[in-house]
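According to TrEMBL, the protein carries these features:
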- 56-305: domain 'G-protein coupled receptors family 1 profile' (DOMAIN)
- 41-63: transmembrane segment (TRANSMEM)
- 75-94: transmembrane segment (TRANSMEM)
- 106-135: transmembrane segment (TRANSMEM)
- 155-173: transmembrane segment (TRANSMEM)
- 212-231: transmembrane segment (TRANSMEM)
- 252-275: transmembrane segment (TRANSMEM)
- 287-307: transmembrane segment (TRANSMEM)
Amino acid sequence: LCYLISLFPGSHLHHMEARNETQISNFLLLGFSEEPGLQPIIFGLFLSMCLITVFGNLLIILAISTDPSLHTPMYFFLANLSFVDICFTSTTVPKMLWNIQTQSKAITYAGCITQIYFLILFAVLDIFLLSVMAYDRFVAICHPLHYTVIMNPRLCGLLVLVSWIMSILNSLLHSLMMLRLSFCTHLHIPHFFCELNQMLQLACSDTFLNNLVMYLAAVLLAGGSFIGILYSYSKIVSSICGISSAQGKYKAFSTCASHLSIVSLFYCTMLGVYLSSAATHSSQSSATASVMYTVVTPMLNPFIYSLRNKDMQGALKAFLGKETLP
């Protein structure tokens, strides 16, 4: 999985520790609770959610790849989203489970930078893919006659490729800017993973430029994508309202329902994290809220798409039927 490399202190990134002014060896991830009695419960809960996320999303990818009727732009983007969700959860949860199992809270400096890199990468990729899926639904409903011409395989591949490139560059920028900071001796992170904002608060050197880039990226990438999604759905709603039959309206809306549910869940939980953090100034509440978009949302995506989509249900039954045949 994506984050396993950072579990090993002897990785090729470990030499970055030496460049830090304070010669950092480890950060401490405080997690959710210091109570020893709660650790097995937390371990079991997060292990279950991680396994459900990985196997649920993997099942979606396999069902789409094996069913020719699902080889369409919408399901191509969904398969990519499922892959990103597997990586997103794998960036944070395995390290937390490892720390609980070994009764250690330590994470290396190189591990922290690696975790921040992949966390930002997959979070931004999620945002871009949700935007691309909104555009796909916009074309399908507002320009149905030209759908296959507009959403051709070349454009679909290009949209995913551009999403990856922009996400990689954005994540690389944040990670490289973290390397220029020096840190104080108090290296306790009140979270279950290395979160960019929490790391900036621990820095002793000037973080003005880091904060500026962080908020600019949030406004341009997340805000811009959200505006694009809102615009797409405003056009979709106006097109659906123009359909005369009630059955036609229902059919058009049902193709968007799953995507709209995931968009709402992802953006509402992410917004909830920052609002709860700003309102309470509590790192503990921020850590608890962040579980929603880093763990819970990727876990729910397969259920939302499989429960609300008859084509996906048929593909899953066909795939599972093939697997159970002798």
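Residue numbers in this text run from 1 along the chain shown.
Glycine too: its Cβ is placed from the backbone N, Cα and C atoms.
Residues of the same chain lying 6 or more positions beyond the ends of the transmembrane segment (287-307) and with a Cβ under 8 Å from any Cβ of it are 31-32, 46, 49-50, 52-53, 56-57, 59-60, 78, 81-82, 85-86, 88-89, 92-93, 119, 123, 190-193, 195, 258, 261-262, 265-266, 269-270, 272-273, 276-277, 313, 316. Using the rule of three or more Cβ pairs under 8 Å, pairs at least 6 apart in sequence, the transmembrane segment (75-94) is not in contact with the transmembrane segment (252-275). Highest Cβ pair count under 8 Å relative to the transmembrane segment (252-275), across stretches 106-135, 155-173, 212-231: 106-135.
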